[in-house]
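Here the structure comes first, spelled out in structure tokens, and everything after it is commentary.
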């Protein structure tokens, strides 16, 4: 077996001897040929009936690998970035609300499909199973809140907006069981599975999987990012079904973004009275960058097309420019509105082209692997009339860590028909910056055990907690609060304590007597 060296992927800025070009072309061809041979061997390990569907999936994987082998590295030509055109990013405040007429709004909603990316597990927060079933507010999960929001829309306007969940092989079985509990709700729920690709060894560029028994060796496989949505949505038959039903747009977002609700003003721009004469085929919701968001993807104009720029594509010498809040004012929320007929067209014409994200991982046994992924927003440049809409920060409320959970469980928000609404008592619309120590707060169960109840944070600007810290009932945090328990020490914040612009450090135990 040929051991394909790392040089098989030539970086554009590397200098190489002039006679090596041919050598690299041969090793690239060999790498692809060997991979295809290995994938065929994998296919032979599964029963005949499954082979055609799996072969189509593995062909897409081989295509992705072939592009990865050919590409000259992730960096784009920084000098080709053009100034964003005047009308490239609309301001949300300039959008008009639809006339509050039941029939009109119902007609708009009946042209919509809501899609949630539901492939992630809750392992990073110490939970088993799909992330979407973690309770986030009043014992309601991400999925419960989503179903409540759509049912409320359907009941209010006598509409029929379906909910579609894109699962991964990690979440599919559990999600199917959970979805049954919504049978009596006024929401049609559809699910489909995104692709399952083999992880590739970094040493020889071949799959580490020995056979197609995925459950036997879950570590050898991965879901290839949300850019896989377009192909698998079509292959599920749902794209065709919704187009035949007369639906025109899908609204797609991460299930853990609690701010990503159906917005009637944006929908009005796409299918209502405000519909543009030239169709807008793709909308990316962006929001103002703060210092906490400097790594988030941003919008650029390049080769006269609006496109998503991710930090992985930025040449090293321009990373600081990319992070600059002045140069790039917005970042991508991953709330996407896309025209269904246009998705069908770019897939049929094979013009869908998304940059490859190379994700390096190390398995539990120490094997270093790569997984090749794509991002759903990177397809933007393949659509006509794509725009960004600069939305309020309230539409970006992701729960990635326990610090985010603290915010959404607090009195900062009230729950209304499955949507979180910021309290009118909050003096300014930004959310507080919260940093909780990884060692004591990263797992949900441990995080919950450290709070008798969630503190009042209506007037909080910034909270940093590090070390072994617990909070009594009815604590109020205001302004900037920093609490640091030194190694081996413990701090118990007593019940009813009010901390305003305070630094607490050292050791503080409140003993019962």
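Along the chain as shown, the residues are counted starting at 1.
From the backbone N, Cα and C atoms, a Cβ is placed for every residue, glycine too.
Here TrEMBL flags 1-24 as region 'Disordered'. Per TrEMBL, UTP binding site is recorded for 131, 194, 225, 256, 400. For 226, the entry in TrEMBL reads substrate binding site.
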Q) How big is the UTP site in terms of the longest C-alpha to C-alpha distance among 131, 194, 225, 256, 400, in angstrom? A) 21
Q) Who sits close to residue 256 (UTP binding site): which same-chain residues at least 6 apart have their Cβ under 8 Å from its Cβ? A) 120, 131, 132, 142, 398, 399, 400
Q) In angstrom units, rounded to an integer, how far apart are the Cα atoms of the residue listed as 'substrate binding site' and residue 194 (UTP binding site)? A) 8
Q: Restricting to the same chain and to sequence separations of six or more, state which residues have a Cβ under 8 Å from that of residue 194 (UTP binding site).
A: 119, 166, 167, 168, 223, 224, 226, 228, 229, 232
Q) Does residue 225 (UTP binding site) have same-chain partners at least 6 apart in sequence with Cβ under 8 Å from its own Cβ, and which are they? A) 357, 373, 374, 375, 376
Q: State the count of C-beta atoms found within 10 angstroms of the C-beta of residue 131 (UTP binding site), not counting that atom itself.
A: 24
(Q) Among the binding-site residues 226, 400, which residue has the fewest other Cβ atoms within 10 Å of its own Cβ? (A) 400
